[in-house]
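**Q** The structure follows.
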Amino acid sequence: MARGGAGAEEASLRSNALSWLACGLLALLANAWIILSISAKQQKHKPLELLLCFLAGTHILMAAVPLTTFAVVQLRRQASSDYDWNESICKVFVSTYYTLALATCFTVASLSYHRMWMVRWPVNYRLSNAKKQALHAVMGIWMVSFILSTLPSIGWHNNGERYYARGCQFIVSKIGLGFGVCFSLLLLGGIVMGLVCVAITFYQTLWARPRRARQARRVGGGGGTKAGGPGALGTRPAFEVPAIVVEDARGKRRSSLDGSESAKTSLQVTNLVSAIVFLYDSLTGVPILVVSFFSLKSDSAPPWMVLAVLWCSMAQTLLLPSFIWSCERYRADVRTVWEQCVAIMSEEDGDDDGGCDDYAEGRVCKVRFDANGATGPGSRDPAQVKLLPGRHMLFPPLERVHYLQVPLSRRLSHDETNIFSTPREPGSFLHKWSSSDDIRVLPAQSRALGGPPEYLGQRHRLEDEEDEEEAEGGGLASLRQFLESGVLGSGGGPPRGPGFFREEITTFIDETPLPSPTASPGHSPRRPRPLGLSPRRLSLGSPESRAVGLPLGLSAGRRCSLTGGEESARAWGGSWGPGNPIFPQLTL
């Protein structure tokens, strides 16, 4: 009877081997088509699309490696009675199958979690770099799945009767009790997490959001029309997250946040994710969990368990492409997929700076700016300007898109001063040029500090030049002229060398108003200075600072800004040094 049972088992497995091979090839092509279709339809890969592509890639590996290996071995055994499983092939099959089974379970759970997060907390989802978190989640999923599934191949199995001794018995009860329990618990956790997240998503979509919309309409009907007219906030059916494009002071886009989806798109994506979760739970998760439980309970692996596990794994790889194809958002025709294949082969889509992104159901084209916030010299020719579609992000609807200007000093500096409080010109490059390496001293006599005569003479000449420039067009004219025409060259000519005096930079800093109330005062008309009371600005750490007697530790240490009043300078008349400071109290 044992031989007859073994013969029936072998016959059932061999009769299904050809079907597994054909279905595996079809699943491989279908999932590859889905990946190309998603890539072609969505120019900007969002976390949800990335997880769908990873799930399709996992199914490709499932159909290509373990299922195809099992089918080929069964066909070889059918063709030759001497051929059988060996230890290496069986270990590779078991490791790859359980790695991909766990990776599929966790990827589906992560997909449902991201959808719940996006629907329930839309603002937090867009501000939390969900794409990076999705990539990290996929890396963790594959690492955990691979480590756990590789342990049976390196010794974590039943040593009494090894699973690769007679054939390849890959059901968890034949591998070992410890592995079977760990695998079943992880599988159960992934299934429960996916179902809970889908339930919260459906509740938020079908009940919570319509209830808030009714409350908003009720509030808008009471007083919203008086407050804001037809476009008041109270008359909106629900809260919408605006699309945000973040740019720096140079006009270059640094990052962007997508706005709220339309009701149709949101419902389509929610239905797709829910269908994928229920598909996996009904065809793969629950059947494999039931088989594992009964096999561990009875410590046996009858043929129906092997057939059920293999066919359930094959069915999910075939049905996932059909589910994604049913969603209009990710459905692409043959021409679009072919163009995507050509672009991938020619590596035309590798440069992200020249591409276009999809925001607010329109197209946005990135425009590169120079240091002044204007387009480069080559784009001044009207013949080189390309026409954009009628609906794009350069002129977006005001309630849908917001543009933010984030200067470089705000992103890269530790200074927490609110630089947005002071209005600036859009083309201004130096929104804030820190003067932390300068020192301003107003002595009673310019020669009292013991400065070198060469420097003092140069200083007087520079002050006379500054007075002449300010009389002509303002003290900031030379620096702004350098920024506006010195970089690109005036009139399109070659740029002049950056021959820029330090005193001009210091004057620009001191005459530029800062937003902080405790900062230096803003630009004011220059008052006539008494003879000998010319401001002198030295750098902490320069040879001039050591010549006038600054402490060595201060000049070699942290740079700071020191400002002294005119009264303190008049009250002090002697020499000064480390033990006799010029100012009674200084803040570093």
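Any Cβ shown, glycine's included, is placed from N, Cα and C.
Not measured: the values here are computed from a predicted model.
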**Q** Do L48 and S300 share a side of the membrane, as Swiss-Prot has it?
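**A** The record shows them split across the membrane, with topological domain names that differ.
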**Q** Which one, 50-70, 92-112, 175-195, has the most C-beta pairs under 8 Å toward the transmembrane segment (304-324)?
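**A** Result: 50-70.
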**Q** Mind giving me a neighbour count for N86 (N-linked glycosylation site)? Other Cβ atoms within 10 Å of its Cβ, every protein chain shown.
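**A** Total other Cβ atoms inside 10 Å, all chains included: 11.
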**Q** Taking a Cβ cut-off under 8 Å, which residues six or more beyond the ends of the transmembrane segment (175-195) line up next to it in the same chain?
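**A** That would be 94, 98, 101-102, 105-106, 108-109, 111-113, 144, 148, 151-152, 156-158, 163, 169, 277, 280-281, 285-286, 288-289, 292-293, 295-296.
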